[in-house]
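Below is one structure, written out as C-alpha cells; the observations come after it.
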Amino acid sequence: IVCAHCIITIFGEKEEEGPMPQRSLGSGSGLPYNSFVDSVSSLTPTAEDKEKPAISPRRSYVAVAVLCYVNLLNYSERYTIAGVLPDIQTFFDISDSMAALIQTVFISSFLLLAPVFGYLGDRYNRKYIMIGGLSVWLVTAAGSSLVTKSYFWLLMLLRAMVGIGEASYSTIAPTIIGDLFVGTRRSAMICLFYICIPVGSGLGYITGAGVAHLTGDWRWALRVRTLSLTDIKSYVWSSLGVTATSFLTGALAFWAPTFLSRAQVSQGLQLPCVKEPCNPTDSYIFGAVTVVTGVLGAFLGSCLSRWFGKRIPNVDPLICAIGLVGSAPCLFFTIFAASKSITATYVFIFFAEMLISLNWAVMADILLSIVIPTRRSTAEALQISVCHLLGDAGSPYFVGLISDAIRKSEPATHDWSFRSLQYSLVVCPFVAIVGGLFFFVTSLYITEDRKALAKLVEGTVNGSLLPLYSIKMVILYDHDSNKTTLFFSALITR
C-alpha cells in the first residue's frame, strides 16, 4: 500500500490518465508516437546529451528505490515456498512432482499475462497498471497463507493469481527505469534493480524458513511478506539465453534447500523431516549464500560491462556466456559433492551462483540497448513470457518428475530419496552450457543491431528496424486564389 502511494506521488504529475494512443512510452515522456529521437539507449557518444528524463533526478532516484523495494518483496515472496517446501510436502502429503506444480502454475499465469501487460504498458498509464497488479498480488499472497490441509487445489489457484499480479509489475518496472536514466547511470540503476532478484530470493529462503520454524506453521511464512522484434537477431538469441538462465535458476532455486536437507539426512547429519516444522538450517545457509552471491555477481557483471564496454562492443553477451558456461562445472561438482561433503557443496554453490548472477543486470541492459523505447515494454513482456514458458515454469516440475520416476525404481529409503533428486538435477549443468552458447551467438549480432538502432535514431532508414509508418505534411500555397492547401501523406515502411 505504501509503495502504491509512492508510485502515485512520484508519477502523479508525469502521466496522464486513460489510453494514450499518441504517446510512445505510456509514462508521460512527451514523445509523439513513432518518434524515437531523444529517447533511446546510450548507443552513441552524444546520446546521453540528447536524452533528458522528464522528472527531476531526486524523484527519479526515489522512483528507483520504490521499484527496487517492490522487486525485493516480489522475489522474497516468490521463493518463500521453496524455503518451506519440506513443511508444505509434509503438511499436504504430496510428492515432489505435485510440490513442483505450485511453482509451475505460478510461472504459467505469470507468462500468460506478461504479454498483455506489456501491450498495455506501451499504450496506457503504467502507474495504474502497476498499482492494480500490486493489489492483486497483495490479496492473493495473503490468501495463500489461509489455505487448510484439504484444499491444496486452492493453494495452487491462489499462487496462479499471485503470478498475475507480479506479471503487471515485472513487465513494466524495468522500462520505467530505462526512461528515467541514461548511459552508465541507467546501467547502474538497472543493476541495482536486478540485484533485488537474488537478494529477495535469498531473503525468501531465510525469512520463510525462520518464520515457519518459530511459529511451527509454514503458512505464517507467507503472511509476513504480505505486510517486430524477431527481426532483431540479438534480441531473439538473448531471449533464448535468458530462457536457459530462467530454467536453470528456477530449478535450483526451488529444489536446492530440499536437496541439501536430503543430503544431510543421507549422511546422517540430521534427522528426516516427518513432522513439521522441518529443520530450517539449510534454507538459512542457502538463502545467505544467494544474497551474497547475488550482490557480488550482479555488481561484478555490471562493472565488467562498464570496464570493457568501450574496448569490446559485444562484451555484454560475452559476460553472460562466460557466466553460464563457467557455472556448469561448479554445478556438476555441487550435485555430486553433496553425497560426501556439505561444506564442499556450499563452496561450489557459492561460485556457481555468483557466476550465474553476472547475468542479471547485463541481460536487461542488452534488451534496452537494441529495442526502440516505444516497444521496450512489449519486448520485455515477450522475453518474460518466453523465458518463463520454456524456463522456470516447467523446470521445477521437470526435475521433480524425473526425481519421482527414479525413486520408483528402487525401494523407498531416505538415501534413495536424496539420490533420485541428485540425479534429476544433473540436467542443470547441461542447460547452463546451452544458455552460454545462446549468449555467444548473441555476441555475433549485437553490435550490428545497436548500430542499426543508432542509425534509426539519427533518422537513417536502415534494414528491418524501420518504423511501422511515417506521416508527412505538405503545405501548398496558390498565389492566384490566395489559398493554402494542407496535404498529409502516409508511407508504409513495413
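Here the Cβ of each residue, glycine as well, is placed from N, Cα and C on the backbone.
If you look up TrEMBL, you'll see 63-494 marked as domain 'Major facilitator superfamily (MFS) profile'. According to TrEMBL, the transmembrane segment annotation covers 60-77, 97-121, 128-147, 192-214, 235-256, 284-305, 317-338, 344-372, 384-403, 423-446.
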For the transmembrane segment (423-446), sequence-distant contacts whose Cβ falls under 8 Å of one of its Cβ atoms, 6 or more beyond its ends: 233-234, 237-238, 240-241, 243-245, 247-248, 251-252, 255, 259, 313-314, 316-318, 320-325, 327-329, 331-332, 335, 356, 366, 369-370, 398-400, 402-403, 406
Beyond the flanks of the transmembrane segment (284-305) by at least 6 residues, Cβ under 8 Å: 83, 187-188, 191, 194-195, 197-199, 201-206, 209-210, 253, 256-257, 260, 315-316, 319, 323, 346, 349-350, 353-362, 365
Residue numbers, six or more beyond the limits of the transmembrane segment (384-403), whose CB comes under 8 Å of its CB atoms: 95-101, 103-104, 107-108, 110-112, 114-115, 118, 167, 170-171, 239-240, 242-251, 253-255, 420-421, 423-425, 427
Seg_contact(the transmembrane segment (192-214), the transmembrane segment (344-372)) with at least 3 CB pairs under 8 angstroms, min sep 6: yes
Confidence summary for the domain 'Major facilitator superfamily (MFS) profile' (63-494), mean pLDDT rounded: 80
